[in-house]
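To start, the structure itself, in structure tokens.
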Ligand code: SAM
């Protein structure tokens, strides 16, 4: 195994600080510094931006980000037990690591990033991963505050983010991500790579913002996708009935007998814009 730094092995850190993983905090730790380094490098270059890591835990990915060049790294961790372990990393890399003990769901990105570009990297806690992604994509002002997201998800969620029409995973998340971002799966991470191993395979997803996504109202798009995918097996004339049904579909030239999963992102945007005009 390659040596990233002279800090103690993560197993020792976990034992010394009594960091027995807690399921309710989504704690599945990565202890292989080769793997955390591989993840960190996907967000490179790391030196010219503020790097924000959500859920550093005992600090495996944190150490990899610093060893691979992060000069200004901010970590947000909810579990107070992890803070002393992170303090040791901060002491080893003076002036480069800022530790915030907080719930990532409540944080203010602009305040964290300051004036610098912002890249977010995380082995996300699975219980809040999708909500955090939505918080970063479903924002009123676009382009967003961040420049890239390099995130670990359960593979099934990763597939829902990058899904194309006419596939089982295609739904609201794929339409939103397809509208405003370029998202791709970089590689899978097997369950055995984690301590403790989760039940399913994970995957790293890389997301960058589209600079000029087709103009549409976020609220109208959310309304239309919620109605369409809420009854995904039904024909759109039925599922979209509360929003105008056949007359709405006729106005944008979509066959009312089609089903939600056959519509392209552009067709959803056309529907959202037609709906927006009625509101
Ligand atoms: N980054 C470490 C790694 O790769 O080994 C830990 C990843 S573990 C999957 C998720 C981490 O997120 C845990 O350390 C957990 O305490 C933390 N966490 C869970 N919910 C959180 C929240 N709402 N805000 C901030 N951190 C959270």
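Positions of Cβ are set from backbone N, Cα and C atoms, glycine also.
These features come from TrEMBL:
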- 28, 30, 55, 77, 103, 123: S-adenosyl-L-methionine binding site (BINDING)
- 35-211: domain 'Ribosomal RNA adenine methylase transferase N-terminal' (DOMAIN)
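Annotation note: residue 103 (S-adenosyl-L-methionine binding site) sits in a coil segment as assigned by DSSP.
Once Cβ contacts within 10 Å are tallied over all protein chains shown, the binding-site residues 55, 77, 103, 123 are led by 123. Confidence across the domain 'Ribosomal RNA adenine methylase transferase N-terminal' (35-211), taken as the mean pLDDT and rounded to a whole number, stands at 96. Of the residues the record lists as binding S-adenosyl-L-methionine, namely 28, 30, 55, 77, 103, 123, the two whose Cα atoms sit farthest apart are 21 Å from each other. All protein chains considered, the CB of residue 30 (S-adenosyl-L-methionine binding site) has 21 other CB atoms within 10 Å.
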